[in-house]
Structure formats: C-alpha cells, structure tokens
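Chemist: Quick one: structure below, then a few questions.
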C-alpha cells in the first residue's frame, strides 16, 4: 500500500513496514508503458459498482487483446471475489479469529488470491474498525491495483480505468474511501514477479503528484503515455552492484514542491518522439486548458473576479518580496529596456502616422500607466501591454478615416477607448475569461510569431533606411583627399557682378559692385569660414564643392553594432554551459546577458563618437 510512500508486509505477514521510497526495476516501467499502450483504457467511466466497472472493462477490450466469452465470464467471477486485506493484529487476536470465524477459506501466501466464500459484511465491518484510516489525509481517494497470475489465461489482460467521479466500491479498499483509479494486470503463470513489479510501478506513478494531475486531466490514451514519459524524464537510475536492493531508502525530511519540479529544467522535460507524442505532452502537461478551478465558471456576476482576488490575496505580498533576488534584477532590467525602447520606437512611428497627435510621450505615458496598473492588479498573462504592429496599423487607418470624414481624431479615439473599457467590464462580469481554457499553444505562439515578425521587420526596415539617410561612401579614394572641399556660397544663384572664389583662406571677392546687397555680408571672410552646414542653409546659402555630400560611415557602424549586439547577446546567453570561469560567474553573465550587451554596444558607440541615430527621448512633459 502507498500513502505518498510504499509500505510492505513483513515479519511473516503480520505487520506493515515503515514507509520508504520505492525502488523500481527500470524494466517494469517499460512493461507498464506497453500495458498502457496496448491494454484496455477507460477514461471518465460512469459506473456506480465494481461489477459494472468489470463488465465495462471486459467488453471494451481492443480487438487484438479480446478474450473468448467463456474466459471473460471466468475472469469476471475471479475479479468480483471478496478481497482479503492485510491487517496488523496481535497474536492473541489472530488465534481468536481463526478459532471463532465461521468463514475459514484456503490460506495462501499469495496476496492477490481472493476468497469468494467470505461475506462482504465481514470486510465492511473490518473497514469500520480499521485504525489505518487515521493516517489517510482528508479528501483522499483510493486507487486499486490488482495484479497476479491466472492459470486459464493464455495472454495478459490489462485495464486502466478512471471513473468520472469518486465512487465507494464497498469492501474493495482497505478503508472506506471513494475510488477513482483502477489498474488490473492478470496473465498466465510463471511471470508473477514481473506482474508484481509492474503493479508497484503503477502504484508509484499514481502517488506522484504531477502524474496524478496528468491522469486526472487526460482525455486520450496518448495523454497518459505522455505523462509517464515526463515521469521517466525525471527518473534517476541506480547501477546494479553498487547498492543493496534490499535496503530501504527512508523518506526525505523535505520534499521538493511540484512547482519547483516543473520549472527546474523545462528543456529537459520535453517529450521525445514524433509530433503526436509531443502534442499529447502539451495536452497532458500542467498547462492543459482544464488545469484548474480558476477557469471554471461560478455562474455569478463578477464571480470569477472575486474568486481570483481571494485566491491571489495570500500570495500578493510574497510576489514583491520574492522579486528581491539578484536573478530577478536581470529580468527587471531586461523588461524595462524592452518596454522603454518599444514605447519610444513605436511612439515615433505613431507620431508619423497621426501627424504627432499621438507621439513618443503619449505612448510612453500610456505604456507606463497601463503596465503599472496591470502588474499591481495581477492581470491576465496573455494580454499584450505595449504598442505593437497591429496597434500601429489600426491607429494609421483610424487617423486616415478621421481625416476623410472630417472627424476629430482624438475625440474619436477617446470614444473607442471608452467602448473597449465597457466591453472589458462586460467580459469580466460574464466570466468570459473561461474561454482561455480552449486556447492551444498554436494560438499563443501564432500571436508571438506575428509580433516577433513585426519587430524583426521594423528593425531591418529601420536599418535599411539608414543607407538612404547616411549613404556609404563607395566613391571615396584616399589618394584624392587633396581635391575634396566644400564651401558656403551666400551669393544669389543668378549670375552676379562679383565672383566668389574658393580657397583655403576663405572666400575672395573680386569686381565688387557697391550697390550689390550681398556684398555687405561678404566683408568678413572669417565668419563665412566658420559657418556650419546648418547655418549656411539657414541663411539662404548653398554648398559648393566635391565633398559636400560626404557623411561619416554611420550606416556601416550601425550595421556592425546591430550584428555585434545580437551575436554577443546570444553568446552570453549560452555562456552558462561554457567551460570557462566558475559556475557562479557563468550564471551571472548568462542572467545579465542582454543588459551587458546593450551597455557594451553603447560604450563602443560613445567611444567612436560618430553621430549614429539614437532614440529621441522627450526631455519635458508636454
């Protein structure tokens, strides 16, 4: 029997051992997987008695394992025999019961043999007197495992049954508990030890908290197999000859939580095999749409919201205190940079699309306000908080519609926001969030792929536009440096009496006409020589010379920083599995990979001093 840990009958069958960690032969788990793949499997069976369960199990056999009608009758009669439970009794009580009991069946050393002569009332009264129930935690359900050899069977009979609801099956259990799972393995003689070990493997699986969750939620046979594969992924094998199999491993003083088990090595827990098995693992994993009561409807207005608040309240404070950890700091900095850069980038694009009616500052403040409220109230995780490509497309179309129909864009936008808020309240009041249970990974990853592709496209488009703004100097030749010059000409574009000559000492004026207005501004050659390109164009002048179109290699440097940032970030992320430096250093570098890469790239850009394009952050609130 199992209550978290295994207990065995010992001392000649008169008492139970102390609980211990079960040690299973690896081959028994593989045999159990074969039994689950090829045997009878009934999920969510509606039955109220053990006889009804056995009849269903025998009638729903796969064709390749179907028994002859006469064998099915004998097998049903055997399974319906009254069980004899192992109890802990004193020697005096055993002698008294042997002498006084009117029912003295054949005694056997094989615990799976059943006693058809004993009435059910005796076992039921035994259930009431059994003190073992004090060990059973409240709300527990029973799982029954029957294994053994039968002389009239030529091939094994296997059945795994899950009842739709817990049902009391009379004296089948050692104590009076509702039963939910049943596993039966009966086969020909000479393999009793193998059957016994397969039964122990099944019992160990059913006492595993994660497999229990999978078994309760499974909809198909593949889900059960996938849950078992996940169990095998965590299995630790002890080599033969290096330990004593008869030694019992005592239970640990502290067990790892199921949440820690599911988040420790998610990449190692992926199921191997074809796509069907992987899909079954997705359905049977902890992220299954039917994974909890939080997605069940209460039938009351705002009932789901109130239940969410009650469930979240005990953990609200720890959500903040648990975040005070160095590893969380890297995530906080990463999300901050990702959110800020996204808000500023899309804010600039939004300003271009809406004639600056909405711009960087509006997008920045909106993201900050919505994100803060969302996090403080523990919002639904699938919600996308910041501006994305679809939002930008919507705003561009809305602005164009407003212009075409002479509508006030900001007023129109306000009413759209109010209607969205109204529909959000209606959805919360009617508990429409329970529809999330029908979302698959395809839905989630489809949205992720869309947003990721939009970001990738926008980043490449931005880099490509740099080549137009800052063209690369393909025609530059180092040997021709003496012929490159650019000066500011403030004279009228039309031919003037005077001619402006170009030289290293500044403009030289010849043939000056006193009535010519521009001549007054040409009396100070030093001032003209110091004019910048912007000042020259602002005063109505134009640039003359072969190097006037020269720009620094901003585009080339930007592409280098672009590639170096991405490749360095990827390399730092993988640095955790490197052979260099101690594990603590590797972990620190991996956790802060994105932050380190961004800071290093910014430092390189600042050191070189080129005027690469930067995100324009507003310096004032307006």
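Any Cβ shown, glycine's included, is placed from N, Cα and C.
Given the structure is predicted, the values throughout are model-derived calculations rather than measurements.
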Chemist: With the ranges 363-392, 483-512, 513-542 to choose from, which does TrEMBL describe as transmembrane segment?
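Modeler: Comparing 363-392, 483-512, 513-542 with TrEMBL, transmembrane segment matches 363-392.
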Chemist: I'm validating the feature mapping. Which of 554-572, 573-591 is tagged transmembrane segment in TrEMBL?
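Modeler: Transmembrane segment, as annotated by TrEMBL, spans 554-572.
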Chemist: Let me spell it out: take the transmembrane segment (331-351), skip the flanking residues so only those 6+ beyond its ends count, and list any with a Cβ under 8 Å from a Cβ in it.
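Modeler: Residues 323, 358-364, 367-368, 371, 385-388, 391-392, 395, 458, 592, 594-595, 598, 615-617 contact the transmembrane segment (331-351) from elsewhere in the chain.
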Chemist: Contact between the domain 'Bicarbonate transporter-like transmembrane' (300-621) and the domain 'Band 3 cytoplasmic' (125-245) is defined here as three or more C-beta pairs under 8 Å separated by at least 6 residues; is that satisfied?
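Modeler: Contact between the domain 'Band 3 cytoplasmic' (125-245) and the domain 'Bicarbonate transporter-like transmembrane' (300-621): absent.
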Chemist: With DSSP as the reference, give the number of residues of the domain 'Band 3 cytoplasmic' (1-92) in helix, strand and coil.
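Modeler: Going by DSSP assignments, the domain 'Band 3 cytoplasmic' (1-92) contains 39 helix, 16 strand, 37 coil.
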Chemist: Under 8 Å between C-beta atoms and at least six residues away from its ends: which parts of the chain pack against the transmembrane segment (442-460)?
Modeler: 345, 349, 382, 384, 388-390, 562
